[in-house]
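Copied over from Swiss-Prot:
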- 4-118: domain 'Response regulatory' (DOMAIN)
- Asp53: 4-aspartylphosphate (MOD_RES)
- 143-343: domain 'Sigma-54 factor interaction' (DOMAIN)
- Gly171, Glu172, Ser173, Gly174, Thr175, Gly176, Lys177, Ser178: ATP binding site (BINDING)
- 426-445: DNA-binding region (DNA_BIND)
Amino acid sequence: MDGTVLVADDDRTIRTVLTQALTRAGCKVHATASLMTLMRWVEEGKGDLVISDVVMPDGNGLEALPRIARERPGLPVIVISAQNTIMTAIQAAEADAYDYLPKPFDLPDLMKRAARALELKRRAQVVPKVIETSRPEGTDLPLVGRTAAMQALYRLVARVMNADLPVMIMGESGTGKSLIAKAIHDFSDRRTLPFVVAQAADLLGADGPSSLLARVKGGSLVFDEVGDYDDETQGRIVRMLDALPDPAPRIMATTQVDLGALMEAGRFRQDLYYRLGGVTLAVPALRERVEDIPLLAEHFLGRAERDGLGMRRFSAEAMGLVRAYAWPGNVRQLENTVRRLVVTASEEEITRTEVEFVLGNQPAVDALRGAGGEGEKLSASIARHLRRYFDLHGGNLPPPGLYDRILAEMEAPLIEIALDATGGNQAKCADLLGINRNTLRKKITDLDIQVTRRRKLM
């Protein structure tokens, strides 16, 4: 790969790592900690690719993107950011970024994206511009996460916002499927038009479909949990989709079951399956992105405070239990639990005992044992969860990096429980696990595990 890359980041380590990697790959690199310097280089005509952080000492990288597009149309910009929310991904797409990666990023992945961007630049292919939209006021979506699966989902959501393809959103109950559909609508060029969520009952009667179309008026129409619809209702949807008015609404659907399997079993119409499956978004269950649980819990604490329920924080032990819990009801259950804890906690700091009481004192190891019963082997439980994970992606593969994600989700609860059993004594924990103490320390840091020392009662 060749070309000149402009790197802007106030973190010296990131500048050094990117400079070394890009130079070894054959690129020339100009690196700076200043957004002003970056813009001067752009205006001088330097660079075939920009890699920029968002929060800089002298400005916001996202706010500079429209200016870069005006000065140098077709100059690709890869945004890197520690602000790991769907809002950042959407803002990057709205601002005409070529790509977006969260921190900490995977260096080989970033290098591949940089190589593709430089190749597109050489071919003089200008990246299509996403129609700019204003963000709705008061948006507070619980779509928070730094895991690879969620970041891949954010990028895909940003790409499909203004594409008129049907969208199928798959995921377990409580994962936030309807919120994702609402985000796609709210940040699209249909945001001023109605957003209508339809249940099976809304399609009953001779005028059911026509009434729905009259309500949606060219906005966004979502068929909620479409896998539960009977054959007659499915047929009504097919006939409605075959005779959509002009302007036609954006069609989306949500499901917590594998529609492909239902279709093969003869329980879901093939013609409807292909009409709804333009783009499939797979929303991971909360137990499949354990690293995001503390982020979400803190997010819901902040929302509860803004709602006037009071200011609370989790103790380290309480957060450890929250993170280790299975959360069968996913994000919805987590939010309801946090709000209940905010209301019932006796002090500003929420204790482990209070969390145990609200959760019904379910042992954290249930998250590993799963639903297979007391006698199920751990390997069988893992195999069952992995099969479910692949099924939720339909005919698509999960995001890259599955091996590391699965290992991280296994390691985190194992180390947390071992630390709890040894009273937070890292030397004893390392001995219990059979690993080097330095290795344990590195894993604690990498997995963002909270360690609390306490005296063990003998």
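Here the Cβ of each residue, glycine as well, is placed from N, Cα and C on the backbone.
Swiss-Prot feature annotations superimposed on the structure.
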residue : record              : DSSP (3 states)
Asp53   : 4-aspartylphosphate : strand
Gly171  : ATP binding site    : coil
Gly176  : ATP binding site    : coil
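Counting residue by residue with DSSP, the domain 'Response regulatory' (4-118) contains 54 helix, 29 strand, 32 coil.
Here the DNA-binding region (426-445) has Cβ contacts under 8 Å with residues 411, 414-415, 418-419, 451 of the same chain, all six or more residues outside its ends. When the binding-site residues Ser173, Thr175 are compared by the number of other C-beta atoms lying within 10 angstroms of their own C-beta, Ser173 comes out lowest. For the DNA-binding region (426-445), the number of residues in each DSSP class (helix H, G, I; strand E, B; coil) is 17 helix, 0 strand, 3 coil. Listed in sequence order, Ala8, Asp9, Asp10, Asp11, Ile14, Gly61, Val79, Ile80, Ser81 are the same-chain residues at least 6 apart in sequence whose CB falls under 8 Å from the CB of the residue listed as '4-aspartylphosphate'. Ranking the binding-site residues Glu172, Gly174, Lys177, Ser178 by how many Cβ atoms sit within 10 Å of each one's Cβ puts Lys177 at the top. Summary of the ATP site environment: with the site residues Gly171, Glu172, Ser173, Gly174, Thr175, Gly176, Lys177, Ser178 set aside, the chain residues having Cβ atoms within 8 Å of the Cβ mean position are Thr254, Gln256, Val283, Asn330, Val331, Arg332. Neighbour density for Gly176 (ATP binding site): within 10 A of its CB lie 23 other CB atoms from the protein chains shown. Looking only at the domain 'Sigma-54 factor interaction' (143-343), the predicted model's pLDDT averages out at 89.
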